[in-house]
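Peer 1: Provided herewith is a single structure, encoded as structure tokens, for subsequent inquiry.
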Amino acid sequence: MRRCRLAFLVALALVAYWTMAVSVSSRNGVTADEVVHLTGGYSYWKFNDYRLHPENGTLPMRIAALPLLAMDLRFPPLTDPNWLHSQVNRVGEDFFFNEGNPTAAMLWRARAMIALFGVFTVWLTWRWARGLFGPAAGWVALTLAVFSPTLLAHGGLATSDMALAATMIAALSIIWRLLHRATWLRLALTSLACAAVFLSKMSGVLIVPLAGLLLVLRWWQPAPLVLAFGRQERWLRRRGAIIAATLGLAAAAGAASLVLLWGAYGFRYEGFNRARSAAVSYYFSWDVILDHDPLPTYHDSELARFGVEGMPPRPTLMTRTIEVMRDHHVLPEAYLWGFAHTYKFSRERPAFFLGEYGRTGWPAFFPVAFLMKTTLPALLLIAAGVAALIILRRRRIVAPGIRWRRPWLYRAAPLVLFFAVYWTMAINLHLNIGQRHILPMYPIFFVFASATVLWIARVGRRPLTLALAALLLLHATDSLAARPFYLAYFQPLTGGPSRAYRYFVDSSLDWGQGLPDFTHWLATLRERGDREPVYLTYFGADSPRARHLPVIRFGDELNDRGARAFPAQVRGGWFAISATYFQRIYIPVRGRWTLGHEQLYRALMRHIAASAQHPPTDGAARAKLLREAMDYEVLQFGRLSHFLHARHPDTVIGASILVFHLTDAEVAFALYAPWDQFQPYVD
């Protein structure tokens, strides 16, 4: 009876998590990665073709797209040049917004599937905490995980981050169990789990060194290894026998994992299914991805050259290894291309952190993101739990009802090793675009926090139990207050999401999720009789055009693939700017507005004004003028955003879109004031 009640309560908590994660879908628009994930996953099922977005794991993309197979959807024709050239963003935009498909229904179903990875992660968190520190600890960890804004945010998006967290922790857990008691079931589960890690995200290859470390630790531990592959068990006690047996288990699991990986790509080397359609190339050639050639420049203009500041292509040991594996067909082509792509763009990428701009990251990025985007009660419990493990365990204090079958540190070796290795990697990572990249650490933090219950045995039950309950209640309250924008959660001590754009952007705050609320705000504005123009600078993969928003797009040509006039005619009105665009990290006017920017801005202004009087007649000259007009608009936006940095937004919509109201005079000053008058806004 007690077991049934326990199972019911845990299941209730898991259902609550899934419901909270999925129920906010209508308030969160299409985020930056969801279009490519779903489009790629759908094409994998329908065409057995892996040209679209192979740099991400096929597993979460397939899982997310699975319910879409039951829908009557239209996919862009396989003769489309964008499909032939693997242009996933353009194919995805057509699939989502231009083929008449029900975007909201597609998104909800996909997110509901990915939320199951979140449910599994929460369950694993509970199991680990309960197994290490007892039933009370299990409830502490479960509460922290169920109401974690971070787990809720990424469990409710059709992306791959939650899949990696779930599969990595599951794989390490079953590997550790296999290394102590080997059965056919555990060997099969280990093979399946390791393959799932490889297929969840390219960073899943981290499972290989982690499994190696667990092997070495197991050899150091003198406990016997039980082989239970038949009716009779065999106990191995000699170190040499244990080493030989565990190496055999590792080889068997590794080989089976590779077979499963090949199976995920249809047991075919080539990523393109040429039996279904022709193909020209991936959207970057192999020579570009392997650093033999530089990245192509699609717009050769003076402004574009402001953004060229990265490292020149230079093959490394890693790229040479991938090239050898490609030439010998060691792994499927799409997997190797995707891994090479991930490796290339993880070495440098534009990023923003605490007012600074960089391309190779900051060691403090992830620690600060964790502190600012985790609830204060959870941080206090994590600190108390770690202190309990260090202080009380040293004094050999054990809470009543907790069985220490082995020292906790050894039993928790998979989590501790993963924690140490992953954090070491994170603080040295050059890819600093979002706190989501440390998502797998949250379950481990919550397991550590659950050790807080050890203090109860030391100090007394009632006072600490009440304090613990109060902190868990505050954690849940803080999380509920963040609904429906879990992604943009920042704890109140930091100023909350409305001030967070000063510290972080991109997937830590603004991933393009704010359009549904912006649509409502715009409708309300018009209902009040306000007819001033609304200028939108949107970052993300959602489509203001498909939502038929009566706005003037301004400065966001990178995210607006539709036809429009350049430059936008700007005057006083409402300016709605995505937080990521507000910090300008992905456009050539990132960082300070320099004299070079100002000189180019003035030169383009004069040239465009002159061209209006004498328009060019030949096609090449018109194309050049259009490119200059687009560059001029980007520079206009850069100048305006520098001007706006001196003031607070009038409102923040969807926790991600900053809205400013400007008069004609303010716009004129921001765009046309002489350099000596404007310079204070950029210093």
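Any Cβ shown, glycine's included, is placed from N, Cα and C.
Not my notes, these are from TrEMBL:
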- 105-232: domain 'ArnT-like N-terminal' (DOMAIN)
- 1-21: signal peptide (SIGNAL)
- 106-124: transmembrane segment (TRANSMEM)
- 136-156: transmembrane segment (TRANSMEM)
- 162-179: transmembrane segment (TRANSMEM)
- 184-200: transmembrane segment (TRANSMEM)
- 206-229: transmembrane segment (TRANSMEM)
- 241-265: transmembrane segment (TRANSMEM)
- 364-392: transmembrane segment (TRANSMEM)
- 412-431: transmembrane segment (TRANSMEM)
- 437-457: transmembrane segment (TRANSMEM)
- 464-489: transmembrane segment (TRANSMEM)
Peer 1: Sequence-remote contacts (6 or more beyond its ends) of the transmembrane segment (162-179), Cβ cut-off under 8 Å?
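Peer 2: Non-local partners: 57, 59-60, 63, 114-115, 117-118, 120-121, 124, 128, 151, 154-155, 186-187, 189-190, 193-194, 196-197, 200-201, 203-204, 206-207, 210-211, 214-215, 218, 225, 246, 249, 253, 413-415, 417-418, 439-440, 442-444.
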Peer 1: According to DSSP, how is the domain 'ArnT-like N-terminal' (105-232) divided among helix, strand and coil residues?
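Peer 2: The counts are 102 helix, 5 strand, 21 coil.
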Peer 1: Are the transmembrane segment (184-200) and the transmembrane segment (364-392) close, by which I mean at least 3 Cβ pairs under 8 Å that are 6+ residues apart in sequence?
Peer 2: no
Peer 1: For the transmembrane segment (412-431), what are the same-chain contacts with Cβ under 8 Å, counting residues 6+ beyond its ends?
Peer 2: 128, 132, 168-169, 172-173, 175-176, 206, 209-210, 213-214, 217, 345-349, 351, 359-361, 363-367, 437-438, 440-441, 444, 447
Peer 1: Could you tell me whether the transmembrane segment (241-265) and the transmembrane segment (136-156) are in contact, taking contact to mean 3+ Cβ pairs under 8 Å with a sequence separation of 6 or more?
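Peer 2: No, the stretches stay apart by this measure.
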Peer 1: Under 8 Å between C-beta atoms and at least six residues away from its ends: which parts of the chain pack against the transmembrane segment (206-229)?
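Peer 2: Sequence-distant neighbours of the transmembrane segment (206-229): 168, 171-172, 175-176, 179-184, 194, 197-198, 235-237, 239, 241-243, 245-247, 250, 406, 410, 413-414, 417-418, 421-422, 425.
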Peer 1: Excluding the flanking five residues on each side, which residues at least 6 beyond the ends of the transmembrane segment (364-392) place their CB within less than 8 Å of a CB in that stretch?
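Peer 2: Hits for the transmembrane segment (364-392): 140, 144, 148-150, 351, 353-354, 408, 423, 426-427, 429, 432, 435, 437-438, 441-442, 445-446, 448-452, 454-455, 457-458, 468, 471-472, 474-475, 478-479, 489-494, 500, 503-504, 508.
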Peer 1: For the domain 'ArnT-like N-terminal' (105-232), what's the model's average pLDDT?
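Peer 2: Across the domain 'ArnT-like N-terminal' (105-232), the average pLDDT comes out at 97.
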